[in-house]
Every structure is written in structure tokens, then in C-alpha cells.
Amino acid sequence: MEGLKDKTLQELEEMQNDPEAIARLALESPEVQDLQLEREMALATNRSLAEQNLEFQGPLEISRSNLSDKYQELRKLVERCQEQKAKLEKFSSALQPGTLLDLLQIEGMKIEEESEAMAEKFLEGEVPLETFLESFSSMRTLLHLRRVRVEKLQDVVRRPRALPELAGDVPPKRPPPPRPVPQATPPETEEQPPQPSVVTPYPLPYSPSPGLPVGPTAQGALQPAPFPVVAQPSSYGGPLGPYPSPHPGPRAMVGYSWSPQRSGPPQPGYPTAPTSTSGPGYPLVGGRTPGPGYPQQSPYLPSGNKPPYPTQPQLPGFPGQPQPPVPPQPPYPPGTTPSYGFHPPGPAWPRY
């Protein structure tokens, strides 16, 4: 179209009346030139592809012939497989446990009938003894063998057989259900042990020595009074055996018995009796001067060596003491008399 700008009106009219000029002008346009170029490129590409296809023609023909041959072989193998399968079914049907069981039962019945017929002939005298023994023993042996086989086959037939499951017929196994995730539990706080409550000690509502009779109630404050002096072995050092001391406290000195002055503070809940400067202890052997911890004569003892308050009967069992009129009731079960120094299991003194 760029060349039409320079032409005059007369030239344009002449070109309009000339079809060759119009065709030449159309062929010289850039759009037509691009189309022609694309056409030539497509033709060249098709030509190269055709040449490549021609190169593959030989191997393709050879492969086609090989495929035809393999297909013919496959058809022959299929026919042969069908024949072998038919033979296998024929043989397997004859070897089924049920079929074999029927055949063995029939053969067993036949051999049994033959053996019975042989026995009848022998009884009638038609068969000699030697022939009868040989044939009859072999027939009966075969009969028993077949009976055993029949019984075994019957067990096999009755027993359920676990047939192998085909992989295609078995449905896929379901995955196991997901297990619930245990929730995290908060750590349990350790329980603190209960604090011991402080209880005010109070006197016991019962007598510490239930085996002794209860005396009259004292009125007013009790005055201290000594215990009577009785004989005691000089080698006595305290109760024997694995029994704990009545009151926890520091151990007494060697050679002295227990006394309230050397013991610890009284335990709460147990009533204690007022003591003098020298607490009650075990009496000394006659003639020995009392030391610390042994009973001494009180300066406040009234006339007649009698305490000003009612007393209870003394504990029986110590040598040298008068027996009370009340029958003794020991704090331990009656039985063999314990040795000297035996520590009773219960409280012996009503005031300790």
C-alpha cells in the first residue's frame, strides 16, 4: 500500500482496469509474503517427517511379522492349556477324598464278600486247608487295611479344610481403629501428712491396774509417805528382757535401779503421784545405807507409821510383804511362775 501513495488518479484508474497489476500488487504485499514463508516451512517439515517414517518402515514391518508369529504361538499355548486343564480335572475328580472313600468302601465290601465265600467253600469242603489258609488270611488282611483307610478318609472328609484364599477374592483388610490418645493428666500433688493436733493431757477415765480393787477416794492433797523396806538382792539392776523402760529418759547409773528422780518428765495422759526428795525405788538389802534413788524415812510420817490417807492393798508377789485379804490377781495370764526380775506386760503400780 505504500506504493499507491505516489501514483496519480489516472494511474490508479488504469491499474483498476488491469487485473494483472492488481494480482502483482497483492503478491507483493507483506501479509502474503509471510503466508508464503510459513507454507514453505511447513512443507519442509512434512518432508523431513516423511523421510524419518520411511526409515522406520523396515523395522516396523519386521516387528509386525514377529507379533503375528507370537500371537499364533499364544493361541497354540491356550489350546494346549485347555487340554491339560481338562486332564487335570479328570484326574482330580477321581482323586477327591469323597470319591476315594466311596471306592474304598466298595472294594472293602467286595473283599469281605469274597472272604466270606471262601469260608463257606472251606466249610463245604470244596477248598483244601492249605489253600484256604493262604487265601483267607490275605483277604482278611486286605479287608482290615481297607477298613482302616476308610476310617481315616472319613476323618479327613469330616474335618473342615482351610482352603487357601485367593488374593483377588479376599477383601482388603481394614486398618485397625485409631486408639484414643490418652489425655495428659495434671501431676497429682503429694498430700501433706496431717499435722498432729496438740491435745491437752487429761487423766484416764479408768484405773491403770484393772486387776486390783478400787479403794476409797482421797479427800484433799495427799501427803508423801515412804514404802516399807524389804529385802532385795544386791545384784539386782533392773528388769530383764527386751522390754522398754516405763518412761523414756536418760539411762540410770550402773549399780542403781530406776527411780522417778532420774527418769524423764511424765508422759501426758498418765496421772503421777507426788514424790519426796528421794523417790520410791526398790528396797535395799538389810544393813545397807540408802543412797540417792532409794526410799528414805520421811520426816512428815505421823505416829504409828500410818499414812493420813486411805491406802489400797499393796501389789502381791514381792517377798517379805504381808498378803492382803483380797485374792491376788496378777496382771499377766496364769501359768508358769516367771523368774525374778520378769517385767510384767501391763502396769503393776497403780500410780505409775
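For all residues, glycine too, the Cβ spot is worked out from N, Cα and C.
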Which residue does Swiss-Prot record as phosphoserine, given the choices Ser29, Ser207? Ser29
For the domain 'VPS37 C-terminal' (78-167), how many residues does DSSP put in helix, in strand and in coil? 75 helix, 0 strand, 15 coil
